[in-house]
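Here the structure is laid out as structure tokens; the discussion comes afterwards.
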Amino acid sequence: MLGVAFFLVSVVVASLADHDPINKHGVNEIEKKMSREVEDEFSGTANQDELEVLKRQYSSSHAVNQTLISIPTELDVNWNKTNLFEGDIDLTPEQWKVALDIDPVTRSRRQALYSAMEMWQPMGGAIIPYTFERGFPAQYHQVVRDALAFWEQRTCIKFRLVNQYDYDAIVFNHNADGCSSAVGRIGGGQYINLEAPGCMSVTIIAHELSHAFGTLHVQSRVDRDTYVQIDTSNIVPGTEHNFAREPNSFSTYGLPYEFGSMQHYFSFAFAIDPKKPTIYARPNYQRFQGSMDGPRATFWDTVLINKMYKCTDKCLKQMGCWAGGVTDGADCYKCFCPIGYTGTNCEKRPDDAQIMNVSDTPQSVKMELKGAFRAFEEKLVVLQAPAGKRIEATLRTFGPTIRAVNVHCRNAFRMCRGIGLEILPLTDTRTSGIHFCATPNPLTPIYSEANTTLLYLYRDINYPVAVDVTVRSF
């Protein structure tokens, strides 16, 4: 059987040779042109004036006095890679040509990159063969399978091991220098590159799989300038192209721009000074400054894949869902629910959620994940105030344990993808909330839209975490 497996891998991997790489000079010329495009886009006086205001506001509201703990992302692992698009995407020569075709007036690409991309088939129930590169370490097979299962449980996309009849397949490759993937189906065998151990987490592998399905990063959306400002002066020279914007023909599938998407760059991406952002949330959205690049796939991340692959088109009827839920892409007979809801129709709270009544008297809410390592650990508290009241929630301390929190021994993380507290103050919990992965300084009260607020503590890395939140109604 081992010999057969090696034969199948060899057949699929041989098809990788069909994708002749664009030469190094060509990549450099494309990247230079795209970098000039980004610099020109944000060089106007109005943009620069607003940017200076955002910088001052950031400095005054993000005075973190702890030493930041850095949890590597795919962008960190790939920091010195110059042949990748948007930091972790391997483009084909045809796709690079589309990326190079810049409109000199609009400063965006003439064609959406989707025009040079194929989807996995069949639509409505895509089946993707996969295999492991020869010698792929056995201890990492399970984390890959966990990432595959993560998407299978949320979408109509299914995976199976490659067989001798397959030409198209994903090949998980450990002999790589970084974490990267092709975008969409490119035909033949295509690598998802996973350098060990830095890329071997469910979160990173699920992120790269999302690219293989056909997604790009959120901050490249055509409407991104409504939501963020890019500080090109703090971007490592030569990497500005990673912030290029898609053209008007780019489809957002009618979904909202989401700072907490798993496909949004974190705010310090490609920074010269790692303590200063390259991406600033614009004035109406500054509460999301620390919330870029959330944990795993959000509700909207999942809905996007299901829309791209028409996952619910085959359903005889669409489910009637509460709380903004939608028909589940993996199961036509139940709803896919936003955070804080479960049940066939999203009609109830999760059984393991703690329901807490909030009064005018301030109360302390302590939450803790003790650090017995699992793939993903989470805890949800649902705060409820009397009808007509609102809730004020203030994170006072963020640390490794409840006891350490109480004696002011605190952790501070550079970004909130792998660990953090998410406060969701809106009635509509489909869009991700406000993330904290350090004790805010100064303390920042979060005010609810109505009489409910969710506190969601999560951990995807081997660190214990505890928080102390003061809540009251008003």
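Every residue, even glycine, has its Cβ placed from backbone N, Cα and C.
Annotation source TrEMBL lists active site at Glu208. The Cβ of Glu208 (active site) lies under 8 Å from the Cβ of Glu74, Asp88, Cys179, Ser180, Ser181, Ile192, Asn193, Leu194, Cys199, each of which sits 6+ residues away along the same chain.
Under the three-state DSSP scheme, His217 (Zn(2+) binding site) falls in the coil class. Annotated Zn(2+) binding site per TrEMBL: His207, His211, His217, in sequence order.
If you look up TrEMBL, you'll see Cys156-Cys311 marked as disulfide bond. Annotation note: Cys311 (disulfide bond) sits in a coil segment as assigned by DSSP.
Look at TrEMBL and you will find 1-17 tagged as signal peptide.
Counting only the Cα atoms, the space from Cys311 (disulfide bond) to His207 (Zn(2+) binding site) is about 19 angstrom. Within its own chain, His211 (Zn(2+) binding site) has Asp88, Ile89, Ser181, Ala182, Val183 as residues 6 or more apart in sequence whose C-beta sits under 8 angstroms from its own. Long-range C-beta contacts of His217 (Zn(2+) binding site), restricted to its own chain and to partners at least six residues apart, with a cutoff below 8 Å, comprise Glu86, Gly87, Gln263, His264, Tyr265. Cα of Cys156 (disulfide bond) to Cα of His207 (Zn(2+) binding site): a distance of 17 Å.
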